[in-house]
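Data block below; observations after.
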Amino acid sequence: MSQNNVQLDPIRKAQLTWEGCSVLLDINDGDRLVFARLTSGSTLKIGNKNCSLQPLIGCPFGSLFQVDNGKEGPNLSRVIPSTEDDVQEKEDAQISGEFRDNRAIVDDNKAQSLSGEDIDEMRRQGATGEEIVEALIANSATFEKKTSFSQEKYKLKKQKKYAPKVLLRRPFARSICEAYFKKNPARIGFLRVDMLSLLLSMGNVAANSDVLVVDMAGGLLTGAVAERLGGTGYVCNTCIGDSPYPMDIVRIFNFSNEICKRIVRASVNDVTSQSETSEQSDQLESACNMEIQSNEQKSSSVSMEDISLSSENGVSDLILEANHSPVNKISKSHKVGEKASQETLKLWKENGFSSMIVVAPELDPWSVVKDLLPLLSYSAPFAIYHQYLQPLATCMHSLQVWKMAIGLQISEPWLREYQVLPSRTHPCMQMSGCGGYILSGTRTATNASSKQ
Amino acid sequence: MLPTDPTKKISFTRCIKEGDLVIVYERHDCMKAVKVCQNSAFQNRFGAFKHSDWIGKPFGSMVFSNKGGFVYLLAPTPELWTLVLSHRTQILYIADISFVIMYLELVPGCLVLESGTGSGSLTTSLARAVAPTGHVYTFDFHEQRAASAREDFERTGVSSFVTVGVRDIQGQGFPDEFSGLADSIFLDLPQPWLAIPSAKKMLKQDGILCSFSPCIEQVQRSCESLRLNFTDIRTFEILLRTYEIRQWRADCGQGTGGGSAGSIRHKRKQHLIEGSGEKENPNNSTVMARPNGEARGHTGYLTFARLKCLS
């Protein structure tokens, strides 16, 4: 049913996963984040167990799974989260026992009477993860002395180790950005999720717009723009030199054919040149084609990506098996990032782009902007991201001197998450210190009079 | 405002016409929304600007007054609209707005419920995110405010994606006709916890709710009631720090530079004229940036939650 949904109506969100669907797996509340493609043959390694992802196919996004010891080895089974009553009980319990503190807790490693061998023995006898956690609590000499909050913490810690949970998430610009920022920020140019959302707003990304992007964030920006376009308009991924920038992350989004067709590539020369320059353009075309081919090769061999760097369990060799089973039909039937057609290029030259977003941490913003800004329609907004403040300050000054834009503003977002618990609300202890800087503005038509 | 209407989309050839909404830009902190009308004129401290001079010029043009003063005419966007709309209530600004749109995972085709409508600052951005196939149903219990918002949406051209209803969501909840149909819900209410049971009923499975509250006590109570049926409950605070830049020229010396940005700006202009527009020698000047002295210290807390997936 869900697959039909996707194909008939590419814009509405599908509620259930399907064979070949790309998903984000959140293991133990964000300890480990894995992008995977659901096929009958794909597996996920949790701890030292290999679990098939088959049971996840056809399940609603947002469903929770746990590792069970089945007859044919470990497998993932669906868990329905606690209902209203359970939560209420827990809260009542939390409020009641608040006279305890940590005066009686001594850190001498003697609190737990259950040994590693005992636990292994329980496992051999087929105990579930939950049962092991219960046994650990029963055999802890200090558990009863802990406050209800630290009891909860203790239980959670043991649960993560002995009864890991897997949450099935829809890959969205938000979740993809958060996952990468947490585990591999360099890959996305250190683009924090609040910064990405500002770029999309300041770049006025709306259905039917033609957005020019310089995306050196692995395709995250291109994907995020395409998601908002919903199969209308165009996102033109442009490269400054001869070699296109990688945009592998686009494949993590579950884009329909309609949306993929709206993601095109063009070099700066393609979009700036008034007439078609024959030789150079051919060269670029072949370079672009090569890139597309190599992407396709990648897509058939690497259908999963594990961006986890560490694990709480102390198991560091969490490797995902790339699955070599047949690539799903949806990703085969279309290409992402084909070269923009001559007609489209011509339209952009006549009308200009509706807006521009630049994420190029490796380049000098001014050198990019001075070439690309003239390609924007008059009154088109633009947003430029950089990790450092100075290059944006220089760029803003140059734009002022050359009177190319107005409404220029450099801003820096600041984002703080809070822990909200009864009587225990405070900002989270850890936060990202810098989300980078953004230069935004609007192109003016001052050059128009001289042109016309 | 939205490019869903191809005749309104900005381009090199799209010129200002009778009846267009333009944003008159004086300075980055001084803008006004004006409807173009052949026989009208726009007045400010720089003089009178005849609308008839504007018609036929492209958006983004500089136009002059009878006294030689100038302003720019910009095409409206939700971001510019947030800066010029009339404040009937406290409004949401760009940092919060963009974060809300991203976290609610809005894409074209989504159905969103909002309460209250207030001045419609967020609503305009919600409409941009869900157009052309989605819809925003926004509710305010204040009849006159709802009517003004409706007029504004008509003016900015987003009215085909927004329906304004008069309803007390805290007291009555959202209308039953939206049960199980909402992709996302946004609440900006004094007692959001009263609306949460209704929000739960309206949301699709795995749907997302956001509640904006200025006070931490409101957040505390909302989170307590969210824990029953929602998961992934997360609270954020987001602020934007803006920077001002200034050119520092080595030959100015520190004595003349201290504290007087005006004189430096003047010298820069002179220098430009002498150099007849040539790019300045980067060796004897640097551009520096520092945070603006005055900044917004707090807007509100944003709490997000996802409906638990039970079936």
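Keep in mind that glycine also has a Cβ here, set from the backbone N, Cα and C atoms.
S-adenosyl-L-methionine binding, as stated in TrEMBL, involves B:S119, B:G120, B:S121, B:L122, B:D168, B:D188; the candidate among B:D140, B:D206, B:D232 given for that site is B:D140.
Your range for region 'Disordered', going by TrEMBL and the list B:253-272, B:273-292, is B:273-292.
In this structure, B:D140 (S-adenosyl-L-methionine binding site) is part of a beta strand by DSSP.
Among the record's S-adenosyl-L-methionine binders, B:S119, B:G120, B:S121, B:L122, B:D140, B:D168, B:D188, no two C-alpha atoms are more than 20 Å apart, and one pair sits at exactly that spread.
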